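Swiss-Prot lists 39-156 with the feature domain 'tRNA-binding', giving sequence analysis as the kind of evidence. Annotated domain 'B5' per Swiss-Prot: 409-488, in sequence order. Taken from Swiss-Prot, the feature Mg(2+) binding site covers D466, D472, E475, E476. Per Swiss-Prot, domain 'FDX-ACB' is recorded for 713-806.
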Amino acid sequence: MKFSESWLREWVNPALSSDDLAHQITMAGLEVDGVDPVAGEFSGVVIGEVVECGPHPDADKLQVTKISLGDYSSTTVEKGELVTIVCGAKNCRLGLKVAVATVGAVLPGDFKIKKAKLRGVPSFGMLCSESEIGLADDSDGIMELASDAPLGQCVREYLDLNDVTIDVDLTANRGDCLGLKGLAREVGVLNSLEVSEPTITAVAPTIDDVITINIEANEACPRYLGRVIKGINPNATTPLWMVEKLRRCGTRSIDPVVDVTNYILLELGHPMHAFDLAKLDGGINVRFANKDEKLTLLDENEVTLKEGTLVIADENKALAMAGIFGGLESGVTNNTTDLFLESAFFAPLAILGKARQYGLHTDSSHRYERGIDPTLQHDAIERATELLLSIVGGQAGPVVEAKSDADIPQTKDVNLRRKMLDSRIGHHIEDAQVSEILTRLGFTVTTTGEGEAKVWQVIVPAYRFDIKIEVDLIEEVARIFGYNNIPNIAPKATLKMCEQKEANLSLSNLKQTLVNRDYQEAITYSFVDPKVQALLHPGQEVMTLPHPISSEMSVMRLSLWTGLLQSMVYNQNRQQGRIRLFETGLRFVPDESAENGVRQQNMIAGVISGLRVDEHWSMEKAATDFYDIKGDVEALLALTCDAQGYEFSKAEVDALHPGQTAQITKNGVFVGCVGTLHPELERKLGLNGRTLIFELLLSEVLVQKIPEATDISRFPANRRDLAIVVKEDVDAKNVLQLIEKVGGNYLIDLNLFDVYKGQGIDDGFKSLAIALVLQDTSKTLEEKDITDVIDRVVATLKTELNASLRD
């Protein structure tokens, strides 16, 4: 929407500069795209009158004129002097008021007018066209001014060219601002000024001629007004003031009738259309187009109308596409003397998208698609009638109206709560100011309650299609109050450190440990294949889904192994030889004593197969074994700072190899298990090579022992190695625990570094090589101190485990 600042100031005149006004409009949500002068920079151009006009003696296309400038005088023109100017414009004629650039004048582009001689005749200036002073891009001849234009007056002052155009890029919801009326209302509200609207009075009919109006599509056209105007002067011209206002809004002057309808569109934001009365057959009918009905538009293009297109028709034919484009056959021409003037409300949904179906986009369709004021039709037709009668003359008949009250948009009731307003804006605006803003916007406002319980009951006018709910009113109050006037307040919150128990071990630590050990995380479904699960957990009760995705995903998993092993098969089938996967998630174990009859436990599980490390020329190939995966599990348990508290013991698990399986406990509580998959299961599942697997309860490994700080001794440590011979069925773990128990405070580290069976060791026995590190924080240990500890350890091992020192 482009408009002239001076035209806007006729309605409302805030004490703001052009730039400040544009900024204010932008900050109110109506973005200004540009502010441009309405004419080029020029000086020394005044109004003159052609008092003599004759042919050039040596040029057929030139004329020699004498121009009167009235009482104007300058350094190059004396008062009352007739200025000789040679002109080539075809429309130059005797008595014409023109724009004269005298010698010394400067035109746009820094073009200076000098005395010249054209084909032997001196010329002391130039008669200017609109394009030469920057009023138009091109022109057919010199500029013709009104007959009452005062001689000698500066053209810039006469045409009020010290003006700018402001181009506003309106969003689709602000159709109410597609006219000076709506824009002025906004500026008035922003500056707390009254808006001076032009006085519109009903034009009394002087003839009785009417045309009947019938509306078949009431929902699409709830209101249609028409008026006959007869006896207009087809030779009348549009007054310069109107031409200039149209031009500054980006609209070209065509003829007085079209110019008036365009003027109403720009002034009130209401599209109108005029038909040549002589070309209408009978009454007006507002209907939808018939199948394959054709219409030649004003641009002389013929279109085949679609059945959903609303048209204005007479008894025999379609006359226009309603709200979009007029028809050529019924259009106003230079010979038109009688008019039928249309002012209608077309529903936005009836016009929306229709113009684009025909490759069109008009100022009229642009406004109807966004919605116009459904109460403005009478004002529009009366204003247009008044202007037409003053410009082209004629006699007006009575206004004929057809309407469907049930389909005309009604006012809306929306409540605005004080508590919600303050919450959304984050700033308290006084009650009186809120009421004033809403009232100035054209809303009818009543209030109830006080304080935070205050409610504004707002009746929204029908032309504000965008106001539907409470937040729409909040937006209106905020933008009119001014977003810049809302103080910047940093968010305030009561900050409290989240309690983080030092004993809590994060799951991410466990995951990262496995990733560091070359595992990759997998995510599998919680519902699994019942056949595979039955192989891993034979005889165990499962939860069956009532509506499974498929039969292969019909039960809930009893462990994470089912999904991981199927992922292992999937990857091995794609030539992946070395695979290391882990997963965390829930398992679902039926348990009548649990909530909802199911015990849901968070688990972490892993599976490995293939080589211990990737192939490399510097390393010997070695397949993974039980101790590889046990080492991975021990790395996880080490994160708890209490790895010694976990016990690995021989166990039997249905899915695992009977001789390569261990269960993990802590203080007698089951933690998990680790081992080699049963060879029979490897065969049934289609796995290649040895597969090793583990699963732990996260609840038992996500609690870590809080370490206790001890002094670092500055005295040397002493290492003593013991080779202990015990029966083969004695666990090394029991040996280490016993040594730790009797080693006393001097024992700071203990390590099993060798296990030997063979020559020199009796059958049924094994040799354990154990390193003991002894140190004191207060002194250097003497040999006697060390010997006492070693003797005590050896004696206890002999007594408790029947162990002996190896020879």
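Cβ coordinates come from backbone N, Cα and C, glycine included.
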**Fill in**
Ranked by how many other Cβ atoms lie within 10 Å of their Cβ, the binding-site residues D466, E475, E476 are led by E476
**Asked** What are the DSSP helix, strand and coil residue counts for the domain 'FDX-ACB' (713-806)?
**Response** 30 helix, 32 strand, 32 coil
**Asked** Quick one: which residues besides D466, D472, E475, E476 have a Cβ within 8 Å of the Mg(2+) site's Cβ centroid, in sequence order?
**Response** N173, R464, I467, V471, L473, I474
**Request:** Tell me the residue counts in helix, strand and coil for the domain 'tRNA-binding' (39-156), as DSSP assigns them.
**Result:** 5 helix, 54 strand, 59 coil
**Request:** May I ask you to report the DSSP-based helix, strand or coil state of E475 (Mg(2+) binding site)?
**Result:** helix
**Request:** Determine, from DSSP, whether D466 (Mg(2+) binding site) sits in helix, strand or coil.
**Result:** coil
**Asked** Could you give the number of helix, strand and coil residues in the domain 'B5' (409-488) as assigned by DSSP?
**Response** 36 helix, 17 strand, 27 coil
**Message:** I want to check the contact list for D472 (Mg(2+) binding site): same chain, sequence separation of six or more, C-beta distance under 8 angstroms. What comes out?
**Reply:** V414, D466
**Message:** Need one number: mean pLDDT over the domain 'B5' (409-488).
**Reply:** 92
